[in-house]
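Copied over from TrEMBL:
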ACT_SITE  B:Asp141  active site, proton acceptor
BINDING   B:Gly13  diphosphate binding site
BINDING   B:Asn111  Mg(2+) binding site
BINDING   B:Thr139, B:Ile140, B:Asp141, B:Met187, B:Gly188, B:Arg189, B:Glu244, B:Tyr294, B:Leu295, B:Gln296, B:Arg297  substrate binding site
DOMAIN    B:5-320  domain 'Phosphofructokinase'
SITE      B:Asp112  site 'Important for catalytic activity and substrate specificity'
SITE      B:Lys138  site 'Important for catalytic activity'
There are 2 protein chains.
Amino acid sequence: MAAGKILYAQSGGVSAVINATAAGVIETARDKGMVVYAARNGILGALREDLIDTTKEAKASIAALRHTPGGAFGSCRYKLKSLDENRAEYERLIEVFRAHDIRTFLYNGGNDSADTANKVSKIGHALGYDVNCIGVPKTIDNDLVVTDTCPGFGSVAKYTALSVREASLDVASMADTSTKVFVIEVMGRHAGWIAAAAGLAGSKAGDPPHVILFPENVFDPEAFLARVQTTVDKVGYCTVVASEGVKDAQGRFLAESGARDAFGHAQLGGVAPVLVALVREKLGFKCHWALPDYLQRSARHIASRTDVDQAYAVGKKAVEYAAEGLNAVMPVIVRVSDEPYKWTIEAAPLDKIANHEKKMPKNFMTKDGFGITAAARRYLAPLIQGELPPPFGEDGLPVYVSLRNTAVPKKLKKFKAAS
Amino acid sequence: MAAGKILYAQSGGVSAVINATAAGVIETARDKGMVVYAARNGILGALREDLIDTTKEAKASIAALRHTPGGAFGSCRYKLKSLDENRAEYERLIEVFRAHDIRTFLYNGGNDSADTANKVSKIGHALGYDVNCIGVPKTIDNDLVVTDTCPGFGSVAKYTALSVREASLDVASMADTSTKVFVIEVMGRHAGWIAAAAGLAGSKAGDPPHVILFPENVFDPEAFLARVQTTVDKVGYCTVVASEGVKDAQGRFLAESGARDAFGHAQLGGVAPVLVALVREKLGFKCHWALPDYLQRSARHIASRTDVDQAYAVGKKAVEYAAEGLNAVMPVIVRVSDEPYKWTIEAAPLDKIANHEKKMPKNFMTKDGFGITAAARRYLAPLIQGELPPPFGEDGLPVYVSLRNTAVPKKLKKFKAAS
């Protein structure tokens, strides 16, 4: 078994299942007699020496993390600069690790975090303090390379496909005299994985969604409007799924091209209203639009069981790797078969993952650019399979846990850069 | 048993449980050997003589309506004019009823529909064709009088409270360095019932939602900003629930006060972006916002069991009333006790319901206008209790039914006014 303690930190946008990973980490560590500290608010907590002693939490609380959305210890969007630009930050991390006998660093995030974990490992060694750094995959964007999928994605995918199916039934009921075009805007600034998953809502011609707009394609207003019109003619209504990252021919986000707020500022975070304005103006249809925003990535009540299982498994595996003394690796999900979906977990070197980005393959989008192919379905379908709802209380709402998050007494002086 | 057939029509905005009412109607009628026709696309189908023969549907399909959102026969927003203005429409209805031996008309909607059903009953009698008209309650707005609640509301209420709870966990995780203010816009143009239900997400001081904006109160920007600021100071973040119908001191919808779309039109359907623009400008906080739109009223996957049961029960009872020959009544839900929640169904005269609107009582809102009181909780809490999820397929998505909707052969000439 590895000596010293484990430090676990959550990084970047949280998800419906990142706490399931935390549960996998802590429960496995407890089984092995290892101590886990957590960094409060992600890497900033490590820099600030703001650490949480997870041994103070009840067993039931840790178990409840498996079904609780959000980030139980807090997360942050904070990317460490390069070693050349801010070596002090890396040295500070090592200082904190040394002060608290941290010998394993588990960094739960995307490709930036994989890069940071990789660098921390190297500088620790250079400073004479060896720390095993393990990246633990998490991102709803599904854009990590090597791994088959990223924990967090499957649940957003399921939420999105299900929401499209449900809302389209509503629209279809009323289309004769009311809304004919419904636009739902989903996350995905650079890659259209979530938009693609919406395609799982339908299985035969005429099923919603009828138009998917991917950030990988240049938005063509003429082609879009033509498709909306023919869909309304044929089906009676049209459901559109739009990635927030859809761009025009000039490479500008559509979301930034249109509306101004009450103060005259360009209004961000709204590709849907821009599309709706276009359809109203050019085709004259009554439109409605939805922006699920954080609801899509926190919807633990409708999480994918596959996703929850994988999230837990990568946490568990990360601790097993730590116990074996592995360094600079990430537990990645390896697909063994599509149907039935079988997967296993392997250790992949962080070098191969850090700073790469997995785009949607071209052959996942139909030629017209508005739909998904059979290849995409084969890949996506297993990721939303199964349900694992949280317990519901007598009040009719899910019972989610709040941890005590007891602080570890500080031993060092304040670190200015992270204030 | 009443002679003739039953005509069932869905009216106005659909919901997650209006089809449960349809299931209650059709299953009960089948048990009694009565035939149910449905009007395609609501009252327009009746005017157009566009009727559906529900006897052609399989038993399993009708049973599946109980867990399928949307309106299975189509609905519409079409209010019959007054008798003086358009007597021809009422006469046409009677003509269609007579042609198809319709002796019972079940109109499933809100207070407009109750009014229509009432009038149809009277004019039928005047024309020498007696038809028993029964209003069946449905509206997510929860604004019908006499009845304790309206089928459809409990499920939106549950969806909203749950979404606030989940998304707030996400916001809380990241608030240290990212979004501090999260605004969720909910339906409710005239009454704040749905916004009030969001208050069930929290139970103690500091729990989200921290600010609720009701359409019943005049929006006071100073008081709102002050409350957001103190909440961020105390809790670290602030979740705001805003009714789409929030108005300013001049009585204008806030949603119409701000943004212009790409074509310079006032952008409707967005009180949330107006609030977000205000908070960014005046307090400088990073904000996010969500607009669930149709997702909230079609979210059958997370429907309230109480709501589903009540929706089914009013459908069943409506047919029982029809069999007893009752006329111009509505089956309403009567609360017997709060805790445990016990309810029964009684027949109330349509006269007492038509054209009235149930507002939120003053004592349901806290004095500062930003929260709900214990009285509101006592009323609302039972309505979101229990779960009754739809069956999920191997594809990880709910299995919803599409009916055949076989048309009844027409016997009459076209009616011009309803084209």
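Every residue, even glycine, has its Cβ placed from backbone N, Cα and C.
For chain A, the nearby binding-site residues by a Cβ gap under 8 A, listed in sequence order, are B:Gly13, B:Arg297, drawn from B:Gly13, B:Asn111, B:Glu244, B:Arg297. B:Asp141 (active site, proton acceptor) and B:Gly13 (diphosphate binding site) have their C-alpha atoms 10 Å apart, to the nearest angstrom. Taking the recorded positions B:Asp112, B:Asp141, B:Glu244 in turn, the residue surrounded by the fewest other Cβ atoms inside 10 Å of its Cβ turns out to be B:Asp112. On its own chain, B:Leu295 (substrate binding site) has B:Tyr159 as residues at least 6 apart in sequence with a Cβ closer than 8 Å to its own Cβ. Here the Cα atom of the residue listed as 'diphosphate binding site' is found 12 Å from that of B:Asp112 (site 'Important for catalytic activity and substrate specificity'). B:Asp112 (site 'Important for catalytic activity and substrate specificity') and B:Thr139 (substrate binding site) are 11 Å apart (CA-CA, integer value). Proximity of B:Asn111 (Mg(2+) binding site) to non-local residues of its own chain (separation of 6 or more, Cβ distance below 8 Å) is seen for B:Thr139, B:Asp143, B:Leu144, B:Val145, B:Ile353, B:Ala354, B:Asn355, B:His356, B:Glu357, given in sequence order. When other Cβ atoms within 10 Å of the Cβ of B:Lys138 (site 'Important for catalytic activity') are tallied across all protein chains shown, the result is 30. On its own chain, B:Arg297 (substrate binding site) has B:Gly13, B:Val14, B:Ser15, B:Ala16, B:Ile140, B:Gly152, B:Ser155, B:Val156, B:Met187 as residues at least 6 apart in sequence with a Cβ closer than 8 Å to its own Cβ. If you compare Cα positions, B:Lys138 (site 'Important for catalytic activity') sits closest to B:Asp112 out of the recorded positions B:Asp112, B:Gly188, B:Glu244.
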